[in-house]
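Beneath this line is the structure, given in structure tokens, with notes to follow.
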Amino acid sequence: MKTCKYMILRFLTLLVTVTRSIGESQKRSPTASEFTRHTVVQPVLLHGTTKRKISTTRDESGAHHLEVILKVLIDDEEYLVDLRLNLELVTENHVLSYQNNGTTVLYKPHKEEIESCHYSGSVRGKSESWVAVSTCHGIQGLLFDGERTRYIEPPQESLLNAGHHIYDHLDLLESHLRRYDRTERKRSTSDDWATFDETEFQGPHKANEGPFYVELVLVVDRSYFEAYNRNICFVHKQMQTIANILNSVYSKLDIFIALAGVEVWNEYDKITFSSNSTISVVNFLEYRSRELINNIPNDVAQLLTLKYFDGGIVGKAMHGAICSHEFSGGIISSNTKSMGLLAMTIAHEMGHNFGMDHDYKYDDHCKCRGKQCIMWAYRTHTIPTGWSTCSLKKLKFSLSTGIGFCLRNKPRSLIEYPICGNGILDLGEQCDCSAMTVVGTYLQCYVCCDPSTCMLRANATCDTGECCHLSICKNHKCRSSAAAIDGIAKNNSAIHPSNCPGFGVCNSTGHCFCEPDHKTKLDSAYNRGTLCTMSEPGITAHRLPTDENSTFLRKTDVVLYVMILGTVPAILLIICAYKVKSNQ
């Protein structure tokens, strides 16, 4: 009987230990294992105009504020980060490609289905700083303060009001310090590998003068998809975060990145991989020219994989091949969960596509701000902060040859830029009076709306509707706007519209009512694995082959696991009791 008790005690100890390990692994940030340490910070968001504290970057309509301020304490120093929404990140013809029962699905999301929550900006008071973050689910991205690069990642719950993890690039583990590589571009399929000689070409006049616009496609292989919760919509959002960081990196060169599409190999890989990185990148570029570029037109494509290449190669790309139908692209082998670190690796490989060479420490004439430049040959503890003088020279030369011929057309954005004063309620605006010729009508709008910011005045709830068209909402009653107009003309600050609760506005009878369509159009489908919100008539919303049922070690799995194992001690106890009785 003592033996039975001992067996049960040992089993229960093992059960508690394993269950605790599972719980800790779920709580642990996936990025934490790549750095020697991290700090936990509590970010604070402020409205860009009112400077008031906000709990989310979304406004009442569900759209994200055009301008916000991020306040965060890092190493006992308070950072104020001025951020502006990147509305040109996703192209009008953006495509999300994935596989469903062996068939490639090409889905074009509507603008309501793309959550525009990607910001770029700088740290106030720090020259040369730049920041690129996304606020879709928590704050995620990269912060360079002019001296040090840090990555910010949300907690597992992805809440803005929860503690976030800050990782310093200096704390990157040795196991993540790997080598970059590049492959020279073929001039034709029969030529030897060769690069441009700087004396051979003389391109068109002003060919190297920007701006340039890159339509990028990011491709995710099966191994990468498996590592990211097997959720297509989640991966899609992560690729937008990466593209936003890339845009911040390249905008310093007058080169702007727009995400033309994302392709996810969620069922099978479309190319044959080899441990030889050159063979793998050639196979990918052959696939791009044969199929990908027809499905999703692009200027350059980058493939992301978790597969390991010989020599610890972290990336490989064709040199000087941007805009080439056959060779414009590269491949990234990276097991990092930090979107900022991954984006910097892609920026390096795209640099090769633009004709940039590696920077080496023995090249004393290659200078950049900081100790390491983006085109450094190795990923090291030293911070990649900018483009070297050598990279700038190579870029200028490459563009002067005309290789950037496909980068002149500015792609239309899926999300249109708001224009304050055009009379159209654009994204991020609460009202828009327009430059109306009818002075009286303009003044009626002016009572509720600040025409310089297109934001509602204090206590105002509308600039249109039953109340605001003909009268003004004051003390929850609709009043004649004439008195208010006279008051404004006399600088009478005592006259202001009052609020109805929530989304209500006053109607002509003096009662509050809900404006039509005031509800947010956001949908939680990204968390359900549905693509991705509403469907138009005649269009079926695709149910993605990845949802809660396929995620590894979800909460339901853990509960089931504990329930099953919890019955084992009872079974052991019954067996032991039977044996004792038999021995009697």
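Residue 1 is the first one shown; counting continues down the chain.
Positions of Cβ are set from backbone N, Cα and C atoms, glycine also.
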Inset, instruction - If you have TrEMBL open, could you say which of CYS323, CYS390, CYS406 makes the disulfide with CYS366? - result: CYS390
Inset, instruction - From the candidates CYS368, CYS406, select the one that TrEMBL records as forming a disulfide bond with CYS373. - result: CYS368
Inset, instruction - Measure from the CA atom of CYS368 (disulfide bond) to the CA atom of GLU349 (active site) and give the result in Å, rounded to a whole number. - result: 18
Inset, instruction - Sort CYS390 (disulfide bond) into helix, strand or coil using the DSSP assignment. - result: helix
Inset, instruction - Provide the three-state secondary structure of GLU349 (active site) computed with DSSP. - result: helix
Inset, instruction - Calculate the distance in Å between the alpha carbons (Cα) of CYS390 (disulfide bond) and CYS368 (disulfide bond), and round it to a whole number. - result: 9
Inset, instruction - May I ask you to report the DSSP-based helix, strand or coil state of CYS373 (disulfide bond)? - result: coil
